[in-house]
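> This is the structure I want to talk about, given as structure tokens.
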Ligand code: SAM
């Protein structure tokens, strides 16, 4: 299959006014070697039941995904100026690529699944994207909720969906941060409670057009087998636990836990028992993801979802 010629960088800049749009964080990758490398790092199998690409823009990463032999792909792009190029690519792909114009933060996942004509799969779906940095984190947070409850794109396969996503390097560092390291915070624990998280590719700012101020990293999130026994509520409890502990991150775990016990007398006993398993002298960033998962699990089993602010 021969995909149509991609417009040159000069043509694209003229067509889309790229420099004018830099404030909208439209930083494009126009070097196919780089997009091919991203796809290689994603370890996409040709047998993946569906790849959803978010924010394909002019479609170079899209081409690399198709070149990897993917048979079923949906690209969701908000900006209507890219529709002609993407639709042309869709036609040349012999229906392997379908294009939806829409905002990924608002679109119903069912409409994507309908377009892809898929309702169940044994192996995980794959979500990929080089998104504007201000959209990538809210989207990931939304997806983690859906993953916890195995809903939407994450409910098609019992294994959920693997995500291979580009983030600003600093956000990538925060996502992949291990306990007791500089970038450790709520984001790392939320993501790592549900997924194995790994930086698979560091991308220098120089490969983007226009060039952003900072480097980027491609982060892969592979869902864990049995997060919270598939309980979305337990994940909500975890989020609330993290908010409580990390707004007091300068205090010790013991101080925070005792304060919480005072504020929630109904969970006093559960919280006091934590002293047997947690280092009460540690700070929140020193606890492992499993340890926070254990706090959330115990509180959730005791009927707690909401926590005091
Ligand atoms: N994937 C292309 C690349 O690597 O060159 C484009 C990357 S550019 C950083 C981000 C793309 O996401 C833009 O094409 C933008 O229009 C699109 N986009 C922004 N917000 C979106 C949203 N909420 N839903 C879908 N697409 C979005």
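Yeah, the Cβs are placed from backbone N, Cα and C, and that goes for glycine too.
Pulled these features from TrEMBL for this protein:
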- 27, 29, 55, 77, 130: S-adenosyl-L-methionine binding site (BINDING)
- 34-225: domain 'Ribosomal RNA adenine methylase transferase N-terminal' (DOMAIN)
> Quick check on the binding-site residues 27, 130: which one has the highest count of other Cβ atoms within 10 Å of its Cβ?
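Counting every other Cβ within 10 Å of each candidate, the maximum falls on 130.
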> Considering every residue in the domain 'Ribosomal RNA adenine methylase transferase N-terminal' (34-225), what is the mean pLDDT value?
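Mean model confidence (pLDDT) across the domain 'Ribosomal RNA adenine methylase transferase N-terminal' (34-225) is 95.
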> Between any two of 27, 29, 55, 77, 130, the residues recorded as binding S-adenosyl-L-methionine, what is the biggest Cα to Cα distance in Å?
15
> Which are the residues of the chain, 27, 29, 55, 77, 130 excluded, whose CB is within 8 A of where the CB atoms of the S-adenosyl-L-methionine site average out, their centroid?
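Apart from the listed residues, the neighbours are 26, 28, 56, 57, 61, 129, 131, 132, 166.
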> Return the residues near residue 29 (S-adenosyl-L-methionine binding site), defined as same-chain residues 6+ apart in sequence whose C-beta is under 8 angstroms from its C-beta, sorted by sequence, else 'none'.
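When sequence neighbours closer than 6 are ignored, residue 29 (S-adenosyl-L-methionine binding site) has 35, 38, 60, 61, 130, 203, 207, 208, 209 within Cβ distance under 8 Å.
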> In sequence order, what residues of the same chain, 6+ apart, have a Cβ less than 8 Å from the Cβ of residue 77 (S-adenosyl-L-methionine binding site)?
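When sequence neighbours closer than 6 are ignored, residue 77 (S-adenosyl-L-methionine binding site) has 55, 56, 57, 83, 86, 99, 100, 101, 102 within Cβ distance under 8 Å.
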